[in-house]
Amino acid sequence: MLLDTQLELAGGINNVTRILAPQGQVVLALKHPPHAPHLPDDVSLQSVLGEWQLSVQRTAEVSDQQLATIGKAISERQKLETLPYQTALDCPYRPLWHISPPQGLLNDPNGFIYHQGEYHLFYQWHPFVCEHKDKYWVHLKSLDLVHWQWQSVALTPSDWFDSHGVFSGHAVSHQQDLWLFYTGNTRLGVDRQRQTMQCAARMNANGEFEKLGPVIRCLPEGVTEHIRDPKVIYTQGKWHMLLGAQTLAHQGRLAVYHSDDLLHWHFDKLYGDELGNYGYMWECPDWFELQGEAFFVFGPQGIASANPHHTIEHQNRIFRATQNAQGEIALLQGWPLDEGFDFYAPQTAQTTDGRRVLCGWMGLPDETQHPSCDQGWIHQLTALRELEWREGKIYQHPLRELDTLRSEPHTLLLSDTVTELKAKSFDVQVTLPWGCQLRLMQNAQYCVTLTLDAENRLLRLDRSATQIRQGDTIRELKLDSPTVELRILADQSSLEIFINQGEHVMTSRIFTPLDATGISLHGASVDAKLYYMAPASAPFNLEVNV
């Protein structure tokens with residue numbers, strides 16, 4: 001059957017919500033059942049999980065280009081449907097200088113890169129509700145890594161290869177072109193069978209992204225449909241694509257492909273056997289060099305923590321790695337990148353002066369119940385961080401350009417007397433002795449505490465006395481330093497705590513009422529340096545709707 005005939009039976013393109021192409025079929029998902037009184041014998045109409053689907057056998061006359069034409073029409077409609085959700089809703093928890101979504105759910109940062117004089121950053125977005133479904137990509141640009149401007153909804157889940165979500169990936173700046181690589185996610189049938197393909201898109205002269213379709217259609221041997229989040233790098237004279245993967249034995253591994261032209265890819269092998277049973281899935285890989293060392297960043301899922309307070313299976317890790325002359329990868333020692341409550345899926349980019357800068361998702365895959373959901377949005381990205389490799393350790397520092405948002409410094413005496421900062425966006429720097437407790441974002445009922453447990457040499461972050469609705473409430477970090485040096489970045493409903501000059505970081509969402517702006521120190525009296533943080537440019541298409 002011709003595609004035009006199927007569209008006519010479906011009630012026209014405006015009645016089509018998705019297009020699927022499973023196993024020699026063309027399936028059109030519909031808003032409403034078709035009005036045709038009788039369908040031809042070779043046409044199937046069924047309700048799949050509440051969605052009407054019109055299916056026919058795909059004939060030789062139906063090309064990928066014809067399917068792409070339908071995908072473009074769906075994409076244009078999807079972009080129009082997001083317009084009411086591009087107006088940022090006012091909310092006391094909304095950050096002043098972090099990136100947050102105007103409405104809906106934000107998750108992984110994607111495509112973080114410098115290209116032709118500008119920094120580009122994308123993020124995963126479901127615009128309509130605070131749920132993980134049918135992901136879009138939002139495109140932001142910046143000249144200074146501080147002030148980000150909304151560009152567009154770059155990619156939508158409109159095509160047969162990404163109908164249920166434009167999943168995470170990275171960007172490549174090659175010659176004059178900006179390429180995006182991502183995982184296309186589709187779900188088929190009543191059992192929602194997952195189908196995964198690695199896809200590409202390229203920016204045109206108008207700044208719009210044109211999908212090139214799947215560049216890897218089939219799974220490598222020994223891997224489930226859980227293979228995603230392409231990172232593309234150029235080493236040893238060829239392109240390499242790194243993918244987080246799950247083996248048939250349900251072990252996380254790194255899958256690597258190579259290519260000469262970014263379009264035709266060949267599978268190399270799976271890496272990571274030296275780590276043994278290190279989680280049931282790896283996702284969101286990144287790879288970079290720092291001070292002459294190679295590093296692999298990923299999100300292992302299913303690693304149990306020895307600490308009873310840590311119950312979340314979604315972890316973050318960075319491993320020192322090597323790649324030999326044959327391109328084979330070995331993973332050496334590894335560490336957590338962040339030891340707070342809310343940090344996942346980081347990506348890095350290199351600045352024009354050679355710094356390696358990281359941005360992560362300040363959230364976790366299973367968290368969808370934050371207080372900001374009452375105002376129609378959830379999650380934000382982390383502050384950008386500079387990475388340093390020094391004396392066998394990774395150090396993280398707040399991006400130096402963020403200092404342009406700081407006020408003049410104020411000296412603050414921290415004691416058991418509560419000082420009202422009258423603001424929740426600030427930068428506090430202090431060195432504390434063991435045996436004291438710092439309270440932040442405090443009023444008579446709520447606060448978050450940092451306890452320096454002298455007996456056990458533990459730094460304990462406790463958010464149980466906040467408005468948090470979901471997730472762990474205690475994190476503990478073992479330290480051996482004689483004192484604890486802290487730099488704390490706060491932004492309305494988040495804390496990023498840089499410990500001992502960035503040797504450790506704890507990133508967390510902290511929800512307390514708008515009037516909870518007190519700070520106090522119990523068990524010691526110490527001078528601190530305080531800076532108030534000014535707002536950055538709002539990263540939204542439309543002004544905040546109060």
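Cβ from N, Cα, C; glycine included.
According to its DSSP assignment, D108 (active site) is in a strand. If you take the C-beta of D108 (active site) and look for same-chain residues 6 or more apart in sequence within under 8 angstroms, you find Y123, Q124, S168, D229, C284, Y344, A345, Q347, W361. Annotated substrate binding site per Swiss-Prot: L105, L106, N107, D108, Q124, F167, S168, R228, D229, E283, in sequence order, evidence recorded as similarity to another entry.
Feature annotation from Swiss-Prot assigns active site to D108.
All protein chains considered, the CB of N107 (substrate binding site) has 25 other CB atoms within 10 Å.
A C-beta separation below 8 Å, combined with a sequence spacing of at least six in one chain, links L105 (substrate binding site) to W125, H126, V129, C130, E131, H132, T368, W377, I378, H379. All chains included, 27 other C-beta atoms sit within 10 angstroms of the C-beta of D229 (substrate binding site).
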